[in-house]
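Notes for the one structure printed next.
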Ligand SMILES: Nc1ncnc2c1ncn2[C@@H]1O[C@H](COP(=O)(O)OP(=O)(O)OP(=O)(O)O)[C@@H](O)[C@H]1O
Ligand SMILES: [Mg+2]
């Protein structure tokens with residue numbers, strides 16, 4: 001516990017948080033600006049939000065983004081779970097370290113390169129580019145994150161629990177669905193949430209792999225910004241921030257709740273003679 | 001309470017009946033992990049209704065052997081036959097055995113009831129039947145108040161009872177227990193040992209228990225297999241293991257023991273004499289030995305079978321050692337004397353404290369005699 005805050009600590013905390021959040025707060029404030037001019041405050045208004053929902057271009061982009069995010073995070077969760085599972089469970093084999101490294105590599109690969117290589121592949125196999133290619137692209141890179149999360153979860157998993165299930169007559173595949181999956185579910189869910197936000201965020205890879213008619217929200221915002229920042233952009237960004245913040249908050253609240261419940265349970269158990 | 005039994009008490013010893021078919025036959029089983037030999041050509045027979053203990057130091061392969069019975073490990077060579085059926089190709093979920101795991105391995109996302117019902121559900125029994133059996137099991141392990149709790153809301157001892165109930169629920173022909181009481185404190189442990197024995201007797205199931213606690217093995221089991229680095233050193237009922245160990249390793253592992261190296265000096269029909277090396281003290285045994293004169297053997301004597309006295313024991317020329325009291329450990333009902341012999345070796349003697357402390361006559365640095373009866377010396381060939 002930190003009892004007294006030194007002068008230095010206070011200043012660095014304020015500077016750090018200001019650095020992180022002042023731009024975002026400014027953006028949120030100006031989204032409620034009456035004036036069309038972004039930098040001049042002319043009173044509070046929610047009219048830009050109203051206009052936003054009239055703007056077909058933005059609404060379409062939002063739909064595309066949500067579809068892509070939902071599909072790709074779901075696919076990434078399924079494949080990532082499978083990948084993480086086999087990495088942990090296949091035991092040691094020749095080249096395991098290499099495989100492990102290859103799962104991590106896309107996490108540090110520059111997005112431009114990932115996007116470019118995916119584009120080249122889609123062209124090579126002459127796949128029509130559009131919503132599905134973005135989904136595939138997002139699936140491939142989000143899958144790595146899920147695999148890493150699942151691997152961590154499974155490494156802490158007591159395998160004798162699965163063995164106990166089989167010992168009691170449960171076949172291996174069923175054991176996975178009724179025992180393993182429910183136990184690692186928090187990991188799977190946080191993998192899904194992570195994939196979802198990654199997909200919402202992404203501009204670079206989506207730009208590379210998109211085709212006619214499939215514009216995601218970040219792409220739309222980026223193209224609008226090139227004609228100048230409008231309060232509408234501030235409004236849509238504020239909504240995006242809201243969604244992401246809610247997701248993150250939800251995840252941490254769930255985590256907290258579980259943690260405190262566990263502590264309660266432990267207290268209860270130790271009180272029983 | 002022990003019921004007075006008017007009927008003649010027949011000794012349970014199916015291993016002595018020549019025509020009795022073993023329930024489990026482990027035939028020349030070897031298990032290798034890479035180049036490491038965890039189980040080295042073991043053959044064992046386990047009979048129906050036995051309480052069979054696998055005892056041995058850490059890493060000797062007890063868990064590995066048990067896991068092969070459950071089907072989680074496949075023998076590198078050799079066969080395991082359970083109830084007349086070769087288990088080589090039978091996966092764990094199809095074997096007629098259940099296991100209670102060292103870590104309990106309870107399903108954290110299920111309540112006590114659901115944990116116990118899990119195995120029954122796999123057999124697709126009618127709901128009412130499952131509920132009945134679950135209730136019986138909950139009564140058996142006295143967990144009625146906790147049926148709706150999750151494992152994390154239970155104490156260690158309660159979890160252990162859930163694990164036991166879960167593994168018994170399917171009425172397996174054999175129950176495998178891997179250090180089931182390892183996590184319990186001494187008192188709870190002793191209570192549970194007796195509970196286990198009661199349950200085993202009540203249900204008539206064959207139990208195979210792994211433990212590295214020799215007292216536990218002695219208390220609960222009908223026979224003990226003492227294991228040592230992948231091999232079986234001796235299989236016998238507890239009393240026989242204790243009284244007649246077949247090697248220094250077994251003698252040393254089961255209880256405390258004084259071991260003297262010596263050579264055979266005289267062999268009679270019902271006794272033998274051994275001269276302890278270096279000091280040439282003669283030791284008489286209560287049984288004959290199958291060894292040539294002059295051969296090196298070892299004599300083992302349990303501390304509680306020895307006596308410490310200030311005066312030389314009367315009419316004894318053999319089985320008497322002279323020394324000096326080096327240390328006395330007072331353990332309440334026992335006192336343990338560490339006596340340093342003239343050749344500087346130490347001997348441990350345990351004597352019951354029949355008198356009050358003040359009446360003790362033997363004290364530190366006294367010159368004393370350590371003696372024992374011929375039938376207390378056990379000759380070991382290895
Ligand atoms: N999966 C495995 N891979 C490699 N070696 C193993 C494996 N399982 C067990 N061993 C080795 O086999 C030997 C026997 O292990 P086992 O778990 O059977 O010992 P144990 O007698 O149960 O010991 P403890 O009393 O500590 O539980 C040990 O040396 C262990 O390191
Ligand atoms: Mg073990």
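Using N, Cα and C of the backbone, Cβ positions are placed for all residues, glycine too.
When TrEMBL is compared with the stretches A:68-90, A:206-228, the one noted as transmembrane segment is A:68-90. Residues 64, 67-69, 71-73, 75-77, 79-81, 83-85, 87-89, 103-107, 114-115, 118, 122, 184, 186-188, 190-192, 194-195, 198-199, 202, 205-206, 208-211, 213-214, 216 of the same chain lie 6+ residues outside the transmembrane segment (A:131-154) yet bring a C-beta within less than 8 angstroms of a C-beta in it. Outside the transmembrane segment (A:12-32), and at least 6 residues removed from its termini, the chain residues within Cβ reach (under 8 Å) are 38-39, 41, 44-46, 48-49, 231, 234-235, 237-238, 241. Only residues 6 or more beyond the boundaries of the transmembrane segment (A:102-125), in the same chain, are considered here, and those with a CB under 8 A from a CB of the stretch are 83, 87, 133, 136-137, 140-141, 144-145, 147-148, 151, 202, 204-205, 207-209. For the transmembrane segment (A:175-194), the list of distant contacts is 73-74, 76-77, 80-81, 142, 145-146, 149-150, 152-154, 157, 161-162, 165-166, 247, 251, 254-255, 258: same-chain residues at least six beyond its ends, Cβ to Cβ under 8 Å.
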